[in-house]
């Protein structure tokens, strides 16, 4: 929102939320019906029916730019502005698709009100040339002076300041304007259409190509990485007056009083408003190398729809916990299936996020495998090869620590990472499974004064055993409901610790349950009303009770000095990080020289103290609820 919002700031359909697309529904239905009627079938008027595909293609085009921009800026090569993007910017730019809805209303209304636009030819060369000339002349010229006027205090504070709230731009930043400002822009962009219509030279090609050109250049200028190669300007020196670069427009967002041009910098050159550092920033950005992080967190995809929740997917979904599926994602199954095929073909990890923690550079890499694949025996060799390749790549790059997230540190898959350490004993990168911090988080999540807990598990994992042992040593009774589980635990415990291990036939003995993701609905129904389910596994159990409390998977709240946090980690609330991921950061900061994998466990109190010393704070039910309420 602008600092002093003016009239017509809010979009007319804002209050409709995700149902805002319904404003186009009558036109879409009418266009499809009209096309299949006998009149349109014989007359061959296709303009009306191609409006919908054009709108959809514009959305896909913009989303491709958003994903590409986020991927390239996560890698860090050719990055222009190396500053933080936070959740407030993501929320502010959530309505980037409003301008496409507005353009759809204009296209449909224009077609229905203007008889002369019917039966446009597919192609007219003279119309395309005229459109280009009109854009170079009147459109660019008028935009330049209108843009300068928007930077006057009166208009800037009421309208344009909303757009400039994004100093670090993303492609969706390009179209984030108050409604009145967008209306003014569309008046300018319709000038070529009116001129070609008046001269009788218009065509479907000139209309569509000009729309694609505007979208392309808008996204190009706000992508925050330099991709225009040097050789273009070497071969065509005059091109620098007719085509801006991402770094050229980025300076307008950081300096505010320079580089006002739309897409063609020639008017900045003519009127002396070109930023003198434009060429220097271009050279610096185009030569910037990919970033080498200090710490890497290795995760993987979860569900087929999780691609939309990645930071490289839909920004609005990535900024919220991945706890429920949106109804409209089921309509996108063709794209989802296509993405599944790509992940099956693409056999390498990819960067999905970069952060800065004090002076340490962090990256998150994802393995192109889904959770269901981790449960398939025939997929394990392939998954282990991908994890091993990621570890070796990290070692080659000189990365200090690689932490294993989600199922990448599964005991059945790779022995909590021990397989890789045994195979490559000379590794310099430290492999961390995060078990020690996970245990510390769980122990500190149990309410004070608790005298007994129910511990449920599918297999005797390293974390489950360490939790049970620590509780028994503290004098807290650990209740198991299965005799075989009880005997396996008891065999590993010392006689003193085993005295606090209890076998019970009834689940109604404690309101504190420590569970893994295999907790069944039947097991949950056995619990007392008001029971707290505290998961110790990377995946949360399915919720079956409304009268019980479900904690998050082991995690902590991030300190303020963790920068560039604009997406949620899977199902966790905003600015909350999993214990497995935090463990890698602590390992690097503390300079610990050992691997934490296999059966190795660090001092739990030492790890917990280190997390608090570096600014991480416990995640309680109250803090998690408060974080979700802000979304």
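Any Cβ shown, glycine's included, is placed from N, Cα and C.
Please treat TrEMBL annotations as automatic predictions, because they have not gone through curation.
According to TrEMBL, the protein has these features:
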- 135-273: domain 'Fatty acid hydroxylase' (DOMAIN)
- 456-618: domain 'Very-long-chain aldehyde decarbonylase CER1-like C-terminal' (DOMAIN)
- 21-40: transmembrane segment (TRANSMEM)
- 46-68: transmembrane segment (TRANSMEM)
- 128-146: transmembrane segment (TRANSMEM)
- 183-210: transmembrane segment (TRANSMEM)
- 327-347: transmembrane segment (TRANSMEM)
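Residues 13, 46, 48-49, 51-52, 55, 101, 104-105, 108 of the same chain, all 6+ positions outside the transmembrane segment (21-40), place their C-beta atoms under 8 angstroms from a C-beta of that stretch. Counting Cβ pairs under 8 Å to the transmembrane segment (183-210), the stretch among 46-68, 128-146, 327-347 with the most such contacts is 128-146.
Long-range contacts of the transmembrane segment (128-146) within its own chain (CB-CB distance under 8 A, at least 6 residues past either end) are made by residues 184-185, 188-189, 191-193, 195-196, 199, 201, 203, 205-206, 209-210, 242, 260-264, 266-268, 271. Panel annotation: around the transmembrane segment (46-68), residues 24, 27-28, 31-32, 34-35, 40, 96-97, 100, 103-104, 107-108, 111, 117-120, 170-172, 175, 204, 208, 211-212, 215-216, 219-220, 223, 312-315 of the same chain, lying at least six beyond its termini, place a Cβ under 8 Å from a Cβ of the stretch. Taken together, the residues of the domain 'Very-long-chain aldehyde decarbonylase CER1-like C-terminal' (456-618) have an average pLDDT of 88. Helix, strand and coil counts under DSSP for the domain 'Fatty acid hydroxylase' (135-273) come to 97 helix, 1 strand, 41 coil.
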